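> Annotations per TrEMBL:
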type	residues	note
BINDING	P512, T514, R519, S685, T686, E734	L-glutamate binding site
DOMAIN	429-797	domain 'Ionotropic glutamate receptor C-terminal'
DOMAIN	439-503	domain 'Ionotropic glutamate receptor L-glutamate and glycine-binding'
REGION	878-902	region 'Disordered'
SIGNAL	1-28	signal peptide
SITE	I664	site 'Crucial to convey clamshell closure to channel opening'
SITE	K691	site 'Interaction with the cone snail toxin Con-ikot-ikot'
Amino acid sequence: MSPPRPNTRPPLHPRAALCLLCLGVAHAMPQVLRLGGIFEVVEGGPSGAEELAFKFAVNSINRNRSLLPNTTLTYDIQRINVFDSFEASRKACDQLSLGVASIFGPPHVSSANSVQSICSALEVPHVQSAWKQHVARSRDAFYANLHPEYASLSRAILELVQHFHWRLVTVVYQDSTGLIRLQELIKAPSRYSIRLKIRQLPTGTKDARPLLREMKRAKEFHVIFDCSHTTAAEILKQALSMGMMTEYYHYIFTTLDMLALNMENYRYTGVNMTGFRILNTDSSYVASTIEKWTMERLQASPRPESGLLDGIMTTDAALMYDAVHVVSAASQRLPSMTVSSLQCHRHKPWRFGPRLIALIRETQWDGLTGRIRFNKTNGLRTDFDLDIVSLQEDGLDKIGTWDPSAGLNMTDGRKERAGNASDIISNRSLAVTTILEDPYVMYKKSDKPLYGNERFEGYCIDLLRELANILKFTYDVHLVGDGKYGAQNEHGQWNGMVRELMDHKADLAVAPLTITYVREKVIDFSKPFMTLGISILYRKPNGTNPGVFSFLNPLSPDIWMYILLACLGVSCVLFVIARFSPYEWYNPHPCNPDSDVVENNFTLLNSFWFGVGALMQQGSELMPKALSTRIVGGIWWFFTLIIISSYTANLAAFLTVERMESPIDSADDLAKQTKIEYGAVRDGSTMTFFKKSKITTYEKMWIFMDSRAQTSLVKSNDEGINRVLTTDYAFLMESTNIEFVTQRNCNLTQIGGLVDSKGYGVGTPIGSPYRDKITIAILQLQEEGKLHMMKEKWWRGNGCPEEESKEASALGVQNIGGIFIVLAAGLLLSVFVAVGEFLYKARQNAELHKKPLCSAMAEGLRLSLRCQRHFRPKPRPLARKEESVNLHTVNDRRLPGKETMA
């Protein structure tokens, strides 16, 4: 009967596949089929895990009889020193001389290569379950390897690092082969923004504490260990004693035997531990097989404390178990196969070897390690699934999967429990760093001595208490040692609370700590619990009383000048229009209708007097008669109505309100002057903002502050506030602090608006698992309105007294004294004008009567001082015949058509 074709359909259940496989060929198989195994000599015991798994698989096949029902498997086992390649070659030749269908092992690369060469020469399948570097002539090699290819495993590690957003990674390898296995990760810095630091475990000793101590000092928190599971167990015990099993550390182990590690001592430390698992424990077939294996192993005497679980099937054992089943399934498909004795020195190949290795590479199998499928060309395993496991409080949990085709798929069971904050932070005691800053953190005033957290009060203390109530954690508050928030010096070193978070001296920083770009690169922040900005604190300016001429302030000097020009312009226009309009000329002698003389009242002076009278809302005896002049007058009256109303509306405010004049009104005003000194807290976020700003105004301000750093920059907000009160100094600080200070000191005020916009957040170390929990709790407090209530509690002060009402205040000389000055000046001017008129008239009278000027002045003065008489005689001029012509003034004109009277 011809052998069945290779299975090209999806793999069936193992037992169903075995039944279908043996239906047509069972009667033709040999009765005994020998397999050879070369394994490592184990110290302190007769057999290693691979040898036990080899025997366990053979016995399982012989016992179940679903595979090779009429054939009994036997084995020949040889034990060697894994580093002795000559002994490995000799043992392989001994087994070939006995007649074996295939050879399994040995596990080490050097001895495996020797066996590989002999098997290739005699064309006997060589099956391996341990990792082996890819050989150059893989096409001619008679071997198959069930171990996942490490190039693929290296890609899985790289994708996991990218998923965790690691930027600084430490790789610790056990031997030189680790660098080959992790080649994809080592190439990452050239393609991704990942910085690698590579270290090697000490050779010849199991003590890795010097290396761990150096890693701890260098703050290397993201570490990948490429080592065996037994070495991993030792490293974990030593890391625990070094204090490196905290929530800030994250370890990835490349070993596929995470399940074999005893995690009991690490479950509640909070450490992040991630690894891979190839055993398909979700399958009932796999689970039952592992259970049988474990029951047999537990019958043996327990091993000394090694950090490993007793009886757990390791990956190497599972791969060996699957390897035996794959070879058995392939042999089932070669019924005519006979096993013969082969001699190494004769180089006569086994005639069934090429066909058997081809069937092995064509076999598809669902084993303990999942789907098994080989590359038909080189015999490497191409199809496998990896489970991503992570340490939780209840043990190792599956958080994702990886396979060569689909890549990484994270399901992350931790996120499903994200709503329960107790998974990570509950019942933990956290170290909290803070800084004294009113009203955020203050010493509590008490008659009794206070200790611990009871020493403090303030907004941040209330916030911390609310967070602890929500997340169910306890805390210990301490003040930052150097009293600084955190800034970077010229050497790149940090200080303050930021430094304590970086050194993991504190788990949280609950303080008015500003979220900035440079800080975000070295620590993590929660969502802001308060938003604010930088503003200017300055002394409140003294009130300036109105001057004696403050009645002129309602209108600007320009407006006063425009009003005067408008009055002159309207007077000139009125004069011209009145001269041209015939309806403005009237008969001065109404009783003599035949008079040929008419007059016009709007002389130039009268026109100006009309304008002034209307502007002063007093009017005059002059009234326009023509329509054109009335239009001019109406428009002028409307203009004066608006002007006077506006003036009156503003006059009260200018006479009664004390004007608060400040020398600065904004940051631009500060930047343009040097008389008023200004600055901020040294090494604070405000100083950093001006130092890093690229805006011209702020750059100029920083140059000023930096040039006077000894006097402009202060150590604390309290020092800055005292300088504002005592000197001519403007202090740049957060608006919330300004709001608090101005509520309690009425001599201080905020100048201008906000220079920038930022927020206060709770600081945590990089990668801290507490950050997201803190953020969720802050959002909850915000939605419940508790953040606003806490701010109202700590910011509301007694308040500054309101300014007294000036509605009923009396006006004093300082308010309207200028009016009296103007009145006195007007009276004085009228006196001088009257004197001038008196002198001018006295001179005319002296010329008219041909008398001296002094005599005329004395006579006029005598008449003016006669208080009992209200009239005076009018002097008559001497008649001259040659001057009998009737002279008319400029305002009189003779009507045409009338005869002139002689």
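Each Cβ is built from the backbone N, Cα and C atoms, and glycine gets one as well.
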> Relative to the Cβ of P512 (L-glutamate binding site), which residues of the same chain, six or more apart in sequence, are found under 8 Å away?
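Residues satisfying the criterion: I435, E437, Y440, C460, Y485, M530, E734, T736, N737, Y760.
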> How big is the gap, in Å, between the Cα of S685 (L-glutamate binding site) and that of I664 (site 'Crucial to convey clamshell closure to channel opening'), rounded to a whole number?
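On Cα coordinates alone, these residues lie 23 Å apart.
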> Check the DSSP secondary structure of S685 (L-glutamate binding site), expressed as helix, strand or coil.
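It is helical.
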> Quick one: largest C-alpha distance among P512, T514, R519, S685, T686, E734, binding L-glutamate per the record, in angstrom?
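The widest Cα-Cα gap among those binding residues is 17 Å.
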> With the L-glutamate site defined by P512, T514, R519, S685, T686, E734, which remaining residues of that chain have Cβ atoms positioned within 8 Å of the Cβ centroid?
Y485, L513, T516, G684, K758, Y760
> For the recorded positions listed here (R519, K691), which one has the lowest count of neighbouring CB atoms within 10 Å of its own CB?
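Comparing Cβ neighbours within 10 Å for the recorded positions R519, K691, K691 has the fewest.
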> In sequence order, which residues at least six apart in the same chain have a CB under 8 Å from the CB of T514 (L-glutamate binding site)?
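Listed in sequence order, they are Y485, G684, S685, E734, K758, G759, Y760.
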> Relative to the Cα of I664 (site 'Crucial to convey clamshell closure to channel opening'), which of the recorded positions R519, T686, K691 has the closest Cα?
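Sorting the recorded positions by distance from I664 (site 'Crucial to convey clamshell closure to channel opening'), the top entry is T686.
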> For the C-alpha pair, I'd like the distance in angstrom between R519 (L-glutamate binding site) and K691 (site 'Interaction with the cone snail toxin Con-ikot-ikot'), rounded off.
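Between the Cα atoms of R519 (L-glutamate binding site) and K691 (site 'Interaction with the cone snail toxin Con-ikot-ikot'), the distance comes to 15 Å.
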> What does DSSP say about P512 (L-glutamate binding site): helix, strand or coil?
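In the DSSP reduction, P512 (L-glutamate binding site) maps to coil.
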> If you skip the near sequence neighbours and keep only those at least six away, which residues in the chain come within under 8 angstroms of T686 (L-glutamate binding site), Cβ to Cβ?
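Result: I534, A680, L732, M733, E734.
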> Look at the recorded positions I664, S685, E734 and tell me which residue has the greatest number of other C-beta atoms within 10 angstroms of its C-beta.
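The largest 10 Å Cβ neighbour count belongs to E734.
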